[in-house]
Amino acid sequence: MKTDTSTFLAQQIVRLRRRDQIRRLMQRDKTPLAILFMAAVVGTLTGLVGVAFEKTVSWVQNMRIGALVQVADHAFLLWPLAFILSALLAMVGYFLVRKFAPEAGGSGIPEIEGALEELRPVRWWRVLPVKFIGGMGTLGAGMVLGREGPTVQIGGNLGRMVLDVFRMRSAEARHTLLATGAAAGLSAAFNAPLAGILFIIEEMRPQFRYNLISIKAVFTGVIMSSIVFRIFNGEAPIIEVGKLSDAPVNTLWLYLILGIIFGCVGPVFNSLVLRTQDMFQRFHGGEIKKWVLMGGAIGGLCGILGLIEPAAAGGGFNLIPIAAAGNFSVGLLLFIFITRVVTTLLCFSSGAPGGIFAPMLALGTLLGTAFGMAAAVLFPQYHLEAGTFAIAGMGALMAASVRAPLTGIVLVLEMTDNYQLILPMIITCLGATLLAQFLGGKPLYSTILARTLAKQDAEQAAKNQNAPAGENT
């Protein structure tokens, strides 16, 4: 009898413990799980929208080029049509940005950095359509812009949209989903999941709040974004340069010299971007008519340039494999480099919706290939392959300009599938970053954000000053 009683009591104790465990589980904070679920949703949406953006931009470009092919035998029609088509497409992008969502202009990455610090608003309901359609216009016009900036900003805004749809109010969720969307956006633009994660950790390190949930959320979003991208585009590297040879140890000093060159070029490039922005601001003075006409002229110029020298127009993804293969002479590489520096400054600094990553990668490829070809002539005993310097140069300019060497290294290796070049990449990017910092260069996106915040404060001060006296008393 005592045994039965003891058994019964033991069973009751087990049941009570189970009930207590279930009760504790039910009462536990579900916020981390909810954030991870929403991160998966954000990553999936960003991947879908990123692929859609890529496809629609390609469609617009093909339609424009197809129209030009129809009149290719009639020069008196071809040149004016090339200018008009690109000008009209560009004007659509400039008008939408200026009229409906000024924060959608430019890359959009500084806006996300500002939003992570809660210094810039996130108005996803107007940024998403304007950035998508405006980017279709400017990139479809053949302007020297990349799609990574728009995709990062679109991803961040999708993160805020999902947050609002699920009515989450916690600051942690707001910050985490914004960062998740941005990382997923970069991953969707370049098929580079690890670079997307590093971009948030490295480039946005002052704004990103490190904790276990935020890191897991970023990983989750990037995974989903990459899966969606690969479902639609396959698993091949986004830039096909083939398998390049390894860099022998006795040639590594050349990569350090290349890094020193880019360490000088990066700060100069950043300074030119900022000065060109000031020049455009003085020209249009915020007047929408002047701004749109200016954008149309720049777009039309890119359309004409695409006929004269196709390598000098467009984002640069088509140019990179051709240049890296050594199909141009050193003189032509330097000429295209200078031409694309000018067109990049005109397109990006004018405030067109579009990124600068892809143009910078193309510029790095051009200068890196030129250096590699010159080094091969000067040091024939090394049997150098110019393509390896092209790969190193791709990441070096980004490292010196954006001050994100890890992201630059991993991004280029993921895009080209040449992981054996990681050592020369590290040497080149580290040399470029250290010299750029020594010369006093500032990270491009951080500088643009600081200028945006200064302008925002000045506008707010002007509003307060112009407020009726009755409101101030």
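Backbone N, Cα and C atoms are what each Cβ position is placed from, and that goes for glycine too.
The motif 'Selectivity filter part_1' (106-110): residue composition by secondary structure is 2 helix, 0 strand, 3 coil, according to DSSP. According to Swiss-Prot, the motif 'Selectivity filter part_1' annotation covers 106-110, on the basis of sequence analysis.
Marked as site 'Mediates proton transfer from the protein to the inner aqueous phase' by Swiss-Prot on the basis of sequence analysis: E203. DSSP gives E203 (site 'Mediates proton transfer from the protein to the inner aqueous phase') a helix state. A C-beta separation below 8 Å, combined with a sequence spacing of at least six in one chain, links E203 (site 'Mediates proton transfer from the protein to the inner aqueous phase') to I109, V402, R403, A404, T407, P443, Y445.
Annotation comment: Swiss-Prot describes 70-76 (among others) as topological domain 'Periplasmic', evidence class sequence analysis.
As annotated by Swiss-Prot, topological domain 'Periplasmic' applies to 233-252 (among others). With DSSP states grouped into helix (H, G, I), strand (E, B) and coil, the topological domain 'Periplasmic' (233-252) comes out at 5 helix, 0 strand, 15 coil.
Sequence annotations record features per position, and here Swiss-Prot assigns topological domain 'Periplasmic' to 310-329 (among others). Long-range contacts of the topological domain 'Periplasmic' (310-329) within the same chain: residues 61, 139, 142-147, 238-242, 302-303, 336, 339-340, 343, 358-359, 361-363, 365-366, 369, 373, 386-387, 390-391, 394, each at least 6 residues beyond the stretch ends and with a Cβ under 8 Å from a Cβ of the stretch.
DSSP places the residues of the topological domain 'Periplasmic' (377-386) in helix, strand and coil in these numbers: 6 helix, 0 strand, 4 coil. Here Swiss-Prot flags 377-386 (among others) as topological domain 'Periplasmic'.
According to Swiss-Prot, the feature transmembrane segment maps to 33-69 (among others). Same-chain residues lying 6 or more positions outside the transmembrane segment (33-69) and placing a CB less than 8 Å from one of its CB atoms are 78, 81-82, 85-86, 89, 132, 135-137, 139-142, 147, 150-151, 154-155, 158-159, 162-163, 166, 168, 172-173, 176-177, 180-181, 184-185, 187-189, 213, 216-218, 220-229, 232-233, 303, 307, 314.
Within the chain, the transmembrane segment (77-100) has long-range Cβ neighbours (under 8 A, six or more residues past its boundaries) at 60, 64, 67-68, 71, 126, 130, 133-138, 140-143, 288, 291-304, 306-307, 350-354. Taken from Swiss-Prot, the feature transmembrane segment applies to 77-100 (among others), supported by sequence analysis.
Annotation comment: Swiss-Prot describes 124-141 (among others) as transmembrane segment, evidence class sequence analysis.
Sequence-distant contacts of the transmembrane segment (148-166), counting only residues of its own chain at least 6 positions beyond either end whose CB sits under 8 Å from a CB of the stretch, comprise 34, 38, 41-42, 45-46, 49-50, 53, 104, 106-109, 111-112, 115, 122, 124-125, 127-128, 131-132, 135, 173-174, 177-186, 188-190, 221, 225, 353-358. Here Swiss-Prot flags 148-166 (among others) as transmembrane segment, drawing on sequence analysis.
Residues or ranges marked as transmembrane segment in Swiss-Prot: 215-232 (among others).
Long-range contacts of the transmembrane segment (253-281) within its own chain (CB-CB distance under 8 A, at least 6 residues past either end) are made by residues 247, 294, 341, 345-346, 348-351, 356, 363-364, 367-368, 371, 375, 379, 382, 384, 389, 392-393, 396-397, 399-401, 424, 427-436, 438-442, 444, 447-448, 451. The annotation transmembrane segment is assigned in Swiss-Prot to 253-281 (among others) on the grounds of sequence analysis.
Swiss-Prot lists 288-309 (among others) with the feature transmembrane segment, giving sequence analysis as the kind of evidence.
According to Swiss-Prot, the feature transmembrane segment maps to 330-349 (among others). Beyond the transmembrane segment (330-349), the same-chain residues lying 6 or more positions past its ends with a Cβ under 8 Å from any Cβ of the stretch are 106-107, 138, 143-145, 269, 272-274, 276-277, 279-280, 298, 301-302, 305, 309, 311-313, 316, 319, 323, 356, 359-360, 362-363, 366-367, 369-370, 373-374.
Same-chain residues lying 6 or more positions outside the transmembrane segment (355-376) and placing a CB less than 8 Å from one of its CB atoms are 107-109, 144-152, 189-190, 254, 257-258, 261-262, 265, 269, 273, 315-317, 319-320, 323-324, 326, 328-330, 333-334, 336-337, 340-341, 344, 347-348, 382, 384-398, 401-402, 412, 444. Under the heading transmembrane segment, Swiss-Prot lists 355-376 (among others), citing sequence analysis as support.
If you look up Swiss-Prot, you'll see 422-438 (among others) marked as transmembrane segment.
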Winner by Cβ pairs under 8 Å against the transmembrane segment (288-309), considering only 124-141, 215-232, 422-438: 124-141
Contact set, same chain, for the transmembrane segment (215-232): CB under 8 Å, 6 or more residues outside the stretch: 35-36, 39-40, 42-44, 46-48, 50-51, 155, 159, 176-177, 179-181, 183-185, 187-188, 191, 193, 196-197, 200
For the topological domain 'Periplasmic' (310-329), residues assigned helix / strand / coil by DSSP: 9 helix, 0 strand, 11 coil
Beyond the flanks of the topological domain 'Periplasmic' (233-252) by at least 6 residues, Cβ under 8 Å: 51, 54, 190-192, 317, 320-321, 324-325, 379, 382, 384-385, 387-388, 390-391, 414-418, 420-421, 423-424, 427
